[in-house]
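Enquirer: First the structure, which I've put down as structure tokens, then a few questions once you've had a look.
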Amino acid sequence: MKKIIINGGKPLKGEVSVSGAKNSVVALIPAAILADDVVVLDGVPNISDVDSLVDIMETMGAKVVHSGETLEIDPRSVQNIPVPYDKISRLRASYYFYGSLLGRFGQAVVGLPGGCDLGPRPIDLHLKAFEAMGADVSYEGESMHLTTPHQTIYGAHIYMDTVSVGATINTMIAAVKAQGRTVIENAAREPEIIDVATLLNNMGARIRGAGTDVITVDGVEKLHGTRHQVIPDRIEAGTYIALAAAAGEGVHIKNVLYEHLESYIAKLEEMGVRMTIEEDAIYVEKQSSLRAVSVKTSPYPGFATDLQQPLTPLLISAEGQGTIVDTIYEKRINHVPELAKMGAAISADKNRITYQGPSHLRGRAVKATDLRAGAALVIAGLMADGQTQISNVEFILRGYSNIIEKLSALGADIHLVTD
Ligand code: UD1
């Protein structure tokens, strides 16, 4: 078991560079299965979700060379073998193997996905889309069986009942080699969807409309290899902006696409956070007094649910009262009792969090219950007086590239220890 130990109250200064987007790369890797040649991804973050996906790809027979931030994937020897539950259940995004195996082989047997416990996280929209494209879906034990009568799927008109990032990307991945045209309506518009469409189009796919709520995919027979730069991780960027505002004395955050963070930056400006927006960087100054604000999450371009938890420690340091309502995940409140343990005046009722600031945090032993709750606790630990010990940090390492090294370089007293 690993723990993160933080001796708080150290001023953070200097530069930090944002890595490639986790939520893109976890789809780009399975999407590479569709190519008839090598796919090279640059800007791959150093996170355990990538290691888990590489392990799954290698189990299926792909040849993968991982060197620094570059991943070379040769999918030509991939076999359509059942992908074991214990590997698939390590992360939620393993559901992208449903779309990519269905697209390449017209059938798949894959374990059920895992991931952070944020309340019910169904995959019915993914399965409904595959069914509309001609696949039969059945469960046997802990595996999902997707079969087609003629080992091929067909383009279809699909309306997503709920705006879903995963279902939009998965349908797009399955559709690129389907026979005919697929139209996805009420599609999600997150930047990661555009990134996956860019990779697929550079492999020879014909996708139009990614980034809007109607995506059209004309199926092609073959996809070739390509080289692709992963977009910067907007959630990691937002996390560093929050921690720079909470505990910084001048932090330059590099490799940031401001356009992906507009609703988040608007909220910070409403709080009075002083920042300078540059072409591909944001400079966050030392803050004096901040105002409490209320936050409501919604699909992109609204305020990202993934940034609600990392922003909470900054919110509770501000003057006044506010609420945070998560409309996407009803149980994304697991950071609240841990922050309360550290002295925050904060409580949650269902998906509604209420806080009264400013709270002064004290270091405690706390537990990361999911990835972004873990990020919130790291920020709280950096702000707090005394020592914070965070357990369950495997969640944090799943999604934040080199977090200990990056924070140490900014002057944080932070260590990863193994019990
Ligand atoms: C992705 C992100 C996650 C982020 C979330 C919302 C990845 C790997 N993860 O997760 O970090 O928090 O988007 O921005 O990209 N839903 C259904 N049926 C489905 C699918 C989803 O009802 O088949 C519901 C979910 O329960 C949720 C909402 O739709 O309430 C949005 O979920 P979705 O966008 O699919 O989340 P993920 O793609 O799993």
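Count begins at 1; order follows the chain as displayed.
Placement of Cβ uses the backbone N, Cα and C atoms for every residue, glycine included.
I grabbed these lines from TrEMBL:
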- Cys116: active site, proton donor (ACT_SITE)
- Lys22, Asn23: phosphoenolpyruvate binding site (BINDING)
- Arg92, Arg121, Pro122, Ile123, Asp124, Leu125, Asp306, Ile328: UDP-N-acetyl-alpha-D-glucosamine binding site (BINDING)
- 7-407: domain 'Enolpyruvate transferase' (DOMAIN)
- Cys116: 2-(S-cysteinyl)pyruvic acid O-phosphothioketal (MOD_RES)
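How buried are these features, and what lies next to them?
Expert: All protein chains considered, the CB of Asn23 (phosphoenolpyruvate binding site) has 23 other CB atoms within 10 Å.
Within its own chain, Ile328 (UDP-N-acetyl-alpha-D-glucosamine binding site) has Thr297, Ser298, Pro299, Thr305 as residues 6 or more apart in sequence whose C-beta sits under 8 angstroms from its own. Ile328 (UDP-N-acetyl-alpha-D-glucosamine binding site) falls outside any helix or strand according to DSSP and counts as coil.
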Enquirer: Most Cβ neighbours within 10 Å: which of the binding-site residues Asp124, Asp306 is it?
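Expert: Checking each of Asp124, Asp306, the winner is Asp306.
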Enquirer: Return the average pLDDT for the domain 'Enolpyruvate transferase' (7-407) as a whole number.
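Expert: The answer is 95, the mean pLDDT of the model over that range.
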Enquirer: Tell me which of the binding-site residues Ile123, Leu125 sits in the most Cβ-dense spot, judged by other Cβ atoms within 10 Å.
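Expert: Output for this query is Leu125.
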Enquirer: Whole-number Å distance between the CA of Arg92 (UDP-N-acetyl-alpha-D-glucosamine binding site) and the CA of Asn23 (phosphoenolpyruvate binding site)?
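Expert: Checking the Cα atoms of Arg92 (UDP-N-acetyl-alpha-D-glucosamine binding site) and Asn23 (phosphoenolpyruvate binding site) gives a distance of 11 Å.
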Enquirer: Which of the three DSSP states, helix, strand or coil, fits Pro122 (UDP-N-acetyl-alpha-D-glucosamine binding site)?
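Expert: DSSP assigns Pro122 (UDP-N-acetyl-alpha-D-glucosamine binding site) to coil.
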Enquirer: Measure from each Cβ of the binding-site residues Lys22, Asn23, Pro122, Asp124, Asp306 to the atoms of ligand 1 and list the residues where some distance is under 6 Å.
Expert: Asn23, Pro122, Asp124, Asp306
